[in-house]
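Data first, discussion second: the structure below is written as structure tokens.
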């Protein structure tokens, strides 16, 4: 029975009734993607050419920029092809590769955000030891650990889906491939894949979120021990950009997870919109946040303009 074999392709989701507006939706998406690419490339260029920014915090920012570029580039061009040229199908192999990249890059970004939180903790709570603890070599090692952690935790996801039989329905809920979405199309016993996917997310993003919150509890305790409110605000203001970046990553992630698990009856527009926000929100907002909060980046951007 051909319906019990792995499909040759999946069909990307479109918004019913809005097919005529695909061109303009793609124009909007393309504009946001260009903004994301331009902003993150600018961050990479500025940090590379500005000696005063050669510090762990800004090396982590470069890692975020590279991850956001890779994540958006692995999805948005394929979505634009769908909207502009009506190429609705994506091959089974390409879908699994895209799914692996999305989840792995998200895990790496989560680890880098945790490392940035630890950097803020050491800089505020142990300032005299900051330079000795977070050296350039230590920063590079953290980046390698983040990559290895993401790959090791999320490589099994496509491998668990590979042998599953799929039913006749091949229509996804998004314009790109996610593990939960693809798994729901299988007509076999999927709890092992579902349990592993949820466990991997909890052990990576969940643990990272808890440790980030813990680091800010310790930072807040250290800040409150300062003598004046002026000093407290000055010290804590160094964390504002990172807090905004954490929210830009975790709020869409949580929203998309909630929609996947509890919003099966919601309109397709909700699923597609949440998916696009999850992919593009960090890539667009991170350069803007650090551009606004970092005077050196502001100055170099004005010089470039």
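Cβ atoms are placed via backbone N, Cα and C, with glycine included.
Annotation comment: TrEMBL describes 20-46 (among others) as transmembrane segment. Long-range Cβ contacts of the transmembrane segment (20-46) within its own chain (Cβ-Cβ under 8 Å, at least 6 residues beyond either end) map to 14, 53, 61-62, 65-66, 68-69, 72-73, 76, 79-80, 83-84, 86, 276, 280, 283-284, 286-288, 290-291, 296-297, 300-301, 304.
The feature domain 'G-protein coupled receptors family 1 profile' is assigned by TrEMBL to 39-290.
As annotated by TrEMBL, transmembrane segment applies to 58-84 (among others).
Among residues of the same chain six or more beyond the transmembrane segment (90-117), those with a C-beta under 8 A of the stretch's C-beta atoms are 6-10, 12, 57, 60-61, 63-64, 67-68, 70-71, 74-75, 78, 142-143, 145-147, 149-151, 153-155, 157-158, 161-162, 176-179, 182, 200, 204-205, 208-209, 211-212, 215-216, 242, 245-246, 249, 253, 279, 282. Taken from TrEMBL, the feature transmembrane segment covers 90-117 (among others).
Taken from TrEMBL, the feature transmembrane segment covers 138-162 (among others).
Marked as transmembrane segment by TrEMBL: 200-223 (among others). Outside the transmembrane segment (200-223), and at least 6 residues removed from its termini, the chain residues within Cβ reach (under 8 Å) are 103, 106-107, 110-111, 113-114, 117-118, 120-121, 124-125, 149-150, 153-154, 156-157, 232, 235-236, 239, 243, 246, 250, 253, 257.
Annotated transmembrane segment per TrEMBL: 235-257 (among others), in sequence order.
Taken from TrEMBL, the feature transmembrane segment applies to 269-292 (among others).
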Intrachain residues whose Cβ lies under 8 Å of the transmembrane segment (269-292), provided they are six or more past its termini: 13, 15, 18, 29, 32-33, 35-36, 39-40, 42-43, 61, 64-65, 68-69, 71-72, 75-76, 79, 102, 109, 173-176, 178, 241, 244-245, 248-249, 252-253, 255-256, 259, 263, 298, 301
Long-range Cβ neighbours of the transmembrane segment (58-84) (under 8 Å; 6 or more residues past either end): 12, 14, 22-23, 25-26, 29-30, 33, 36-37, 40-41, 43-44, 47-48, 90, 98, 101-102, 105-106, 108-109, 112-113, 115-116, 119, 136, 139, 142-143, 146, 175-176, 245, 276, 279-280, 282-283, 286-287, 290
